[in-house]
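Trainee: Sharing the features that TrEMBL gives for it:
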type: REGION; residues: 1-25; note: region 'Disordered'
type: COMPBIAS; residues: 11-25; note: compositional bias 'Basic and acidic residues'
type: DOMAIN; residues: 40-435; note: domain 'Amino acid transporter transmembrane'
type: TRANSMEM; residues: 43-62; note: transmembrane segment
type: TRANSMEM; residues: 69-90; note: transmembrane segment
type: TRANSMEM; residues: 163-180; note: transmembrane segment
type: TRANSMEM; residues: 186-207; note: transmembrane segment
type: TRANSMEM; residues: 273-292; note: transmembrane segment
type: TRANSMEM; residues: 312-333; note: transmembrane segment
type: TRANSMEM; residues: 354-378; note: transmembrane segment
type: TRANSMEM; residues: 384-406; note: transmembrane segment
type: TRANSMEM; residues: 418-441; note: transmembrane segment
Amino acid sequence: MGSEGAAITSPHKDDAKPVDERTEKEKAIDEWLPITSSRNAKWWYAAFHNVTAMVGAGVLSLPFAMSQLGWGPGVTVMIISWIVTLYTLWQMVEMHEMVPGKRFDRYHELGQHAFGEKLGLWIVVPQQIIVEVGVDIVYMVTGGTSLKKFHDTVCKDCKNIKLTYFILIFGSVHLVLSHLPNFNSISGVSLAAAVMSLSYSTIAWGASLEKGVQKDVEYGYKAQSSVGTVFNFFSALGNVAFAYAGHNVVLEIQATMPSTPEKPSKGPMWKGVIVAYIVVALCYFPVAFIGYKMFGNVVEDNILISLEKPAWLIAMANMFVVVHVIGSYQIYAMPVFDMLETVLVKRLGFSPSFLLRFVTRTVYVLFTLFVAVSFPFFGGLLGFFGGFAFAPTTYFLPCIMWLAIYKPRKFSLSWFTNWIAIVLGVILMIIAPIGGLRSIIIQAKTYKFYS
């Protein structure tokens, strides 16, 4: 899984041009693998891929997270997260081509450069797999839940249909879409998803505003005991971490852009990231703050459930969520397909073929579908996965790599900034899963399989 595919700089000093030392077979494999097969993306591809990756269904749980954090801590956590993750995203964009003539097309290749061939793989790959597979499972649940909500809103008198069936309907879409070969081929799906995320976020805060502050609204903590309050607080931090999970696919998105020494890919990529982060702010802050202001601590873990009227608008918002998570699922699945196909072709010696790709991707979609149908605990899953794997890959792993590679002077601004982000990220990683796991256990007590 190493970065054999990258070009290597020529040893001659006068000859500054990078020399491609790959064999014909290696070139053919790289042209077949989803991450490196197409390098003609524009900066706006980066913008909407990043929006689709970042603004997940997590945005709909932000008012609920606010209700468990309270006004002061909630606003602080939201703003600090936005700043810290923008900083770590900038670091990753910068590090993509820090070695002349070489591109770190995948998160684990950067990890190998920072920590060494073996250790880099062991540090990055398990976390990246947890994040990407975890997100895909959660999105299966979200897609199914939103489809069910759409059905129940549009057809009040219809027979009740199990959530299981809606998750299966949502999953069947991916049995088709997962066979698109690479990132650029899913750009249409991703653009639709990015537009939808802005649309349903606007509906969520717009309809909340329209509804106005509810009678007897309370902003105190909902839990009866102080232990419950603390655990809920921890879980809410995980929900916020989950909302900023786009870093796991950022190098893979940048890999799809053309790059030359005169015009490195970081220019257009950074432009795309800035646009994406402005959209993220326009989605997250109004939904979180207005949703919490209107409903207080009785807000549901999905704000659209709290908003029952007007029915047509809520139905439309739920359909937008479905379209968006279809795109998000694909964005997170693509690096997983790349890893699986790399192992099968480079390690196990399979020849790159349509059949291999078809079987691999179909098995992956069926696996995420099975887990989603079996364990649809939406809020708790977010908190658990959010802290366990999102905090490292998003909040502090880029900072550790930066310190390992660039070695900034002790006590310099860069040194301090990175260490602050690392400390905050480690705290988040330790406490968020505790809260998430507790809420999964509480929900599991009353849960019936495949209901």
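Each Cβ is built from the backbone N, Cα and C atoms, and glycine gets one as well.
Automatic, uncurated: that is what TrEMBL annotation is.
What's the neighbourhood like for each of these?
Mentor: With a threshold of 8 Å between CB atoms, the same-chain residues lying at least 6 positions outside the transmembrane segment (43-62) that come near it are 78, 135, 138-139, 142, 146, 183-184, 187, 190-191, 193-194, 197-198, 200-201, 204, 239-240, 242-246, 248-250, 253-254, 256-257, 268-269, 271-273, 275-277, 279-280, 283-284, 287-288, 291, 301-304, 321, 324-325, 327-328, 331-332, 378-379, 382, 386.
Same-chain residues lying 6+ beyond the ends of the transmembrane segment (69-90) with a Cβ under 8 Å from its Cβ atoms: 62, 219, 221, 233, 236-237, 240-241, 243-244, 246-247, 250, 270, 273, 277, 280-281, 284-285, 288-289, 292, 394-396, 398-399, 417, 421, 424-425.
Remote same-chain partners of the transmembrane segment (163-180), defined as residues 6 or more beyond its termini with a Cβ less than 8 Å from a stretch Cβ, comprise 140-141, 143-145, 147-148, 151, 186, 189, 322, 325-326, 329-330, 333, 337, 357-358, 361-362, 364-366, 368-369, 372-373, 376, 450-451.
Using a Cβ-Cβ cut-off under 8 Å and counting only residues 6 or more beyond its ends in the same chain, the transmembrane segment (273-292) has close neighbours at 44, 46-48, 50-51, 54-55, 59-60, 62-63, 65-67, 71, 74-75, 78, 82, 86, 89-90, 93, 194, 197-198, 201-202, 204-205, 208-209, 219, 243, 246, 250, 299, 303, 306.
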Trainee: Let me spell it out: take the transmembrane segment (186-207), skip the flanking residues so only those 6+ beyond its ends count, and list any with a Cβ under 8 Å from a Cβ in it.
Mentor: 41, 45, 47-49, 51-52, 55, 59-60, 177, 180, 279, 282-284, 286-287, 290-291, 303-304, 307, 310, 313-314, 316-318, 320-321, 323-328, 330-331, 334
Trainee: Which sequence positions outside the transmembrane segment (384-406), separated from its termini by at least 6 residues, show Cβ-Cβ distances below 8 Å to it?
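Mentor: Cβ under 8 Å, 6 or more out: 58, 84-85, 88-89, 91-92, 95, 98, 107, 110-111, 113-115, 123-124, 127-128, 130-131, 134-135, 138, 234, 237-242, 244-248, 414-415, 417-419, 421-422, 424-426, 428-437, 440.
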Trainee: In the same chain, who gets a Cβ under 8 Å from the transmembrane segment (354-378) while lying at least 6 residues past its ends?
Mentor: 61, 133, 136-138, 140-142, 144-145, 163-164, 167-168, 171, 174-175, 178-179, 181, 301-302, 333, 336-337, 340-341, 344-345, 439-440, 443-444, 447, 449-450
